[in-house]
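**Student:** There's a structure below that I have some questions on.
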Amino acid sequence: MEALTLGSIVLPNIFFMFYFIQSGRTTAAALPVIFFYVMAKTVPFAIRSFGKVQNPYKILAASIGLTLLGTGLALYQPIISEAATLIGIGIGCLKPAYQQLKDEYRAQGEWHYPKAALYGILYLLFALVLGVALTKISLLAFLGEIILMVLLGGALTSKLPNPWPSTPTFTGPLSWRPLIATLLVFSMGLGARGLKQTGSALLLFLTLGMWLVMLVGFSRLQHLVKSSRLWTFWTGATTNFLLIYSLFYFDTLDKMPLLFTAYGLFILATIGGLLLSPQLKKTSYWWFAFPGATLGLILSLLPTDWYYLAGLFIACLFCSTINAFIWPFYKQDATIPPLNTRFVRQNFNILGTVASQVTLISLLIITNFLFNLHGRQILHAYYAHVPDQGLSQPLWITRLVCVILLVIVAAILIRRKLPRIFNKSE
């Protein structure tokens, strides 16, 4: 179950990406991965219209049911886009619901697996390697592995006790107020992911428009939101930028072995952060994790791909450590209703990941237009898999601008928000 929740976005995303590649990288073949991504990012915001969460167990059960239905329908290729939509809806709240349920078991003294997350990452790594290997045999074999994991997750969930057997899932009543945030996340996700996979001119303007809205919105966000949530936003933006940029950079320049190396380093850094955080927190140097992540970003700008990979590892390592450091502040936050902590945290992580992807793709378009008078050339090189060494300069300029933006935001957070964390208060 740990591996399923940790890989809830990664595993289906990789499956649909292989489907896209093996189907000739056409626009129609891109629809499943676009629909999955957009729904997985949008649903956590959409459920806020039903009120506060009261029963994470029921959300977990419904999530697994929808995911299982979607993966089963994906076996029938003519409706794979509809199946991807169902999987995205199911996956959207799977992780926070499971984690919130674990938190309740811990509070009741009924959770006796302190290293479950670490083992889950290792199992996920094995599942990823096996899944990629299975695609060499058949794409359906990889899908079969995902279905098996969902079935095992469902079997485990059915055996877990429901701490709230007679409690409704949400507080209600139905409210349309969260609809604005939901539509913005939907538009940003659709624009960024759709443009990335298809290069559509219409999505180009949607993405650039959402980027401008996002830039205006962040200036208000930093003054209205607590530091723990802003750091979740920043770490989500940083790690997502490094992963998506690696995909564009190494795929466009035909360096696929280095792309797999980057993803492997990300997983190792995530594990390393979980192991490092309890040890570092005992020392007087625990605060170094915050500027340490920015140093990793700066290192990634130095010449050669190995400096980039080293910077990626260091930045992701400290981002994982930062997430562990700030989690206690979520639990102590009296403004978050009971049983909603994990869902609030996920929402800010989603905002960070979507914002970084919109920013990255917008800058790729702008820099490539300035250098080559062709805004979508890099996107075409990626989604059509046409390596082009002449794109290395606009790719590096995009990396430079993105890193500068992330470092500036981190500097603002360190200056304005970090003293509150030093003082152990918000």
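Placed from the backbone N, Cα and C atoms, the Cβ positions cover glycine too.
Annotated transmembrane segment per TrEMBL: 59-76, 116-133, 139-157, 178-195, 201-218, 256-277, 284-302, 308-330, 350-371, 396-414, in sequence order.
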**Student:** Which listed range (59-76, 139-157, 178-195, 256-277, 284-302) shows the maximal number of Cβ pairs under 8 Å with respect to the transmembrane segment (396-414)?
**Tutor:** 284-302
**Student:** At an 8 Å Cβ cut-off, counting only pairs 6 or more apart in sequence, do the transmembrane segment (256-277) and the transmembrane segment (116-133) clear the bar of 3 or more pairs?
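**Tutor:** Output yes: the transmembrane segment (256-277) sits against the transmembrane segment (116-133).
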**Student:** Which of 116-133, 139-157, 178-195, 284-302 has the most Cβ pairs closer than 8 Å to the transmembrane segment (350-371)?
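**Tutor:** The stretch with the most contacts is 178-195.
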**Student:** Report, as numbers and ranges, which residues of the same chain sit near the transmembrane segment (116-133): CB under 8 Å and 6 or more residues beyond its ends.
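**Tutor:** That would be 1-3, 5-7, 10-11, 14-15, 102, 142, 145-146, 149, 267, 270-271, 274-275.
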